[in-house]
Amino acid sequence: MSKPFLSLLSLSLLLFASACLATSSEFDRLNQCQLDSINALEPDHRVESEAGLTETWNPNHPELKCAGVSLIRRTIDPNGLHLPSFSPSPQLIFIIQGKGVLGLSFPGCPETYEEPRSSQSRQESRQQQGDSHQKVRRFRKGDIIAIPSGIPYWTYNHGDEPLVAISLLDTSNIANQLDSTPRVFYLGGNPETEFPETQEEQQGRHRQKHSYPVGRRSGHHQQEEESEEQNEGNSVLSGFSSEFLAQTFNTEEDTAKRLRSPRDERSQIVRVEGGLRIIKPKGKEEEEKEQSHSHSHREEKEEEEEEEEDEEEKQRSEERKNGLEETICSAKIRENIADAARADLYNPRAGRISTANSLTLPVLRYLRLSAEYVRLYRNGIYAPHWNINANSLLYVIRGEGRVRIVNCQGNTVFDNKVRKGQLVVVPQNFVVAEQAGEEEGLEYVVFKTNDRAAVSHVQQVFRATPSEVLANAFGLRQRQVTELKLSGNRGPLVHPRSQSQSH
């Protein structure tokens, strides 16, 4: 009788302990958004590469823990190539400056871009085969780009100015089956760690977990030496031996050694001497004609090509709505939200707002992310509002202004000026208002953790509420209620009246 009773007691204690740990973990997760104050954040860490710069925000900031995201800002010099990488967290990228090309490697998709093959003998054809690869996409300033989790991608700057992009990694996304630690896996090169704070935590836990008794140290020391010989680089291929890679890819061992990149000091952004030669969806004769034209004409041509590509993607989207399913191989992954003609909300005196969500860019449905571009003219106001179903992250692109955020207790958790390069987290349902400065206005992009993020504006709520309710709720006279509901702009973009007009 005693043994079954003890077994049952042990099982009960184990289940109770597990439940307590789960409850504690859930409480900690939910408690991360109990923010008494919010700070404007700037990058905490930088990695300098041969042809660019990578900057990251510390993911341990309470604001970023609340939102469940991490951020990276990359600057790629002209002819700079950001090496192929992937992450378990889906990414949303906004192009702040410059233009370039981007390639993704979707598993199971064909290499639809091929070099034209000239007539030659079979022997010559075997020795020198034409290149082929998956689709290459152009992008430019103002584009929002969606990168699904686990999909390798590379970026190249073919412009004349630095390419600057801000990337959001949704570490709390359901697609990320690991923990909330931001991770970027590089296929090649010898990249430096982009989030050193989380690596230090992992190394500390690893040392604590692998503390061996004295009698077992000799064998473990030998294993560590063998591991160090293999892990000379920081790419995923660095962990495999050259011999194994040579066997796997059926190549020479010298090639396999280069794949491991053990002593490559160029880091994650490398310079391409002479420019990157890739297959474009145009004939060679047309390319030669373009090269013979002036620089300005070449830029006009590229803009026309981008517009044609946008139109083709729109047509494919319409075809999908008509019943022809869009495959992941040809899916539209980018949309420009900075063009004035693209504005969803517009006030000629206050500013404009554009939104990209799963309705305008269907791939965002799988990423569960969306974005908003806001440009406020001088003194323009984005009236008080809140995100109904998402956390949001406001990144200042240009200019300066003031942001005010209020929590559920009516406390002002943020009321400060913001400037170019700063990041402000706005938790779900926290009420926020933005106002541009007097000199150059305010331009910013907002990342949101829902593919169909909805916004509610205080002014809209007032107009949708019966006058008697407002009168009793705020102690207002009927004249004041009428003025509150009917005066001012219908939309959320407001240009304040001058002091003389307000009296």
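Placement of Cβ uses the backbone N, Cα and C atoms for every residue, glycine included.
Now, the feature entries from Swiss-Prot:
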type	residues	note
SIGNAL	1-22	signal peptide
DISULFID	Cys33-Cys66	disulfide bond
REGION	111-140	region 'Disordered'
REGION	185-235	region 'Disordered'
REGION	253-323	region 'Disordered'
COMPBIAS	254-268	compositional bias 'Basic and acidic residues'
COMPBIAS	282-300	compositional bias 'Basic and acidic residues'
COMPBIAS	313-323	compositional bias 'Basic and acidic residues'
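Taking the Cβ of Cys33 (disulfide bond) as reference, residues of its chain lying under 8 Å away and at least six apart in sequence are, in sequence order, Cys66, Pro427, Gln428. Here the Cβ of Cys66 (disulfide bond) has 22 other Cβ atoms within 10 Å, regardless of which shown protein chain they belong to. Residue counts of the compositional bias 'Basic and acidic residues' (254-268) by helix, strand and coil are 7 helix, 0 strand, 8 coil (DSSP-based).
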